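Asker: I'd like to ask some things about the structure below.
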Amino acid sequence: MHTAEQLAHMRRNYVRDGLLEGNSPANPMQLFGQWLEHAVQTEKPPSEANAMLLSTADASGQPHARIMLLKGMDERGFVFFSNYQSAKGLQMEDNPLAALTFFWPVLERQVRIEGRVERVSADESDAYYAVRPLGSRLGAWASPQSQPIGGREQLAERLAAVNQRFADNDNPARPPHWGGYRVLPQRIEFWQGRPDRLHDRLDYRLQPDSGDWSMTRLAP
Ligand SMILES: Cc1cc2nc3c(=O)[nH]c(=O)nc-3n(C[C@H](O)[C@H](O)[C@H](O)COP(=O)(O)O)c2cc1C
């Protein structure tokens, strides 16, 4: 257990890089792509460079956050996969606004993304489901994600039933309750740690009329 005093003295001085308006592309998706690529090269296991915090809020306004894996990105936005009937799935049905946060400690970087969420097309979900390992595909059938279960044995029983159902089929169809979501970004903020807590923050916002991105520096 760390004492408050120990915690108070835990801090890093960030010296690795800077983030300047002049070197930053007008389109933040391009900058995100560069940072992700760099993170994949530098954030070695057990760190997962495509791990991100997904924050949602339920109808009462209560926030909920959990780690997810980014599984795709393009000009439209950021894609992840989950159970549509999970707690997060129901929250995003009630309130289709979400935030994604990436933290790349080796690079001393954070990216914060905010926007609307929508389900990806059935074809996109089918395509990703098909490339998952068979165990993960069957697991998606077996696990009623976010529901209380009696014990680990119950999960094993459900998996055994799924195995039996698909015994003659090594290409099971995607469960209807499982698929992808895409966060369509309205705002993307890039944070680069700098010495003396004078960090760089560039805040990109999508302009609703033109579809262009504006960029503003924020105080650290
Ligand atoms: C590194 C890591 C990656 C994860 N990736 C996913 C993912 O891609 N999809 C998913 O549904 N859950 C993923 N999880 C599990 C979620 O954090 C969470 O426990 C689960 O989705 C249930 O969340 P919910 O009850 O809020 O719906 C991951 C967990 C960790 C620690």
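A Cβ is built for glycine as well, from the same backbone N, Cα and C atoms used for every other residue.
The substrate binding site annotation in TrEMBL covers Arg11, Arg12, Asn13, Tyr14, Lys71, Tyr128, Arg132, Ser136, Arg197, Leu198, His199. The annotation domain 'Pyridoxamine 5'-phosphate oxidase N-terminal' is assigned in TrEMBL to 47-163. Marked as FMN binding site by TrEMBL: Arg66, Ile67, Met68, Leu69, Leu70, Lys71, Phe81, Ser82, Lys88, Gln110, Gln145, Ser146, Trp191, Arg201. For 178-220, the entry in TrEMBL reads domain 'Pyridoxine 5'-phosphate oxidase dimerisation C-terminal'.
Describe the structural surroundings of these features, if you would.
Answerer: Long-range C-beta contacts of His199 (substrate binding site), restricted to its own chain and to partners at least six residues apart, with a cutoff below 8 Å, comprise Tyr14, Trp191, Gln192, Gly193, Pro220. According to DSSP, His199 (substrate binding site) is assigned to coil rather than to any helix or strand.
Within the same chain, residues at least six positions away from Gln145 (FMN binding site) with a Cβ under 8 Å of its Cβ are Ser82, Asn83, Gln85, Ser86, Ala87.
On the 0 to 100 pLDDT scale, the domain 'Pyridoxine 5'-phosphate oxidase dimerisation C-terminal' (178-220) averages 97 in the predicted structure.
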Asker: Within the set Asn13, Met68, Lys71, which binding-site residues show a CB-to-ligand 1 distance under 6 A?
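Answerer: Among the binding-site residues listed, those whose Cβ sits under 6 Å from ligand 1 are Met68.
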Asker: For Arg66 (FMN binding site), identify the closest of the binding-site residues Arg11, Asn13, Arg132, judging by Cα separation.
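Answerer: Out of the listed candidates, the nearest Cα belongs to Arg132.
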Asker: Summarise the domain 'Pyridoxamine 5'-phosphate oxidase N-terminal' (47-163) by DSSP state, stating how many residues are helix, strand and coil.
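Answerer: Helix, strand and coil residues of the domain 'Pyridoxamine 5'-phosphate oxidase N-terminal' (47-163) number 39 helix, 43 strand, 35 coil.
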Asker: Same chain only, sequence gap of 6 or more: which residues have a CB within under 8 Å of the CB of Leu70 (FMN binding site)?
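Answerer: Looking at Cβ-Cβ distances below 8 Å from Leu70 (FMN binding site), excluding near sequence neighbours, one finds Leu36, Asn50, Ala51, Met52, Phe78, Val79, Phe80, Leu100, Phe102.
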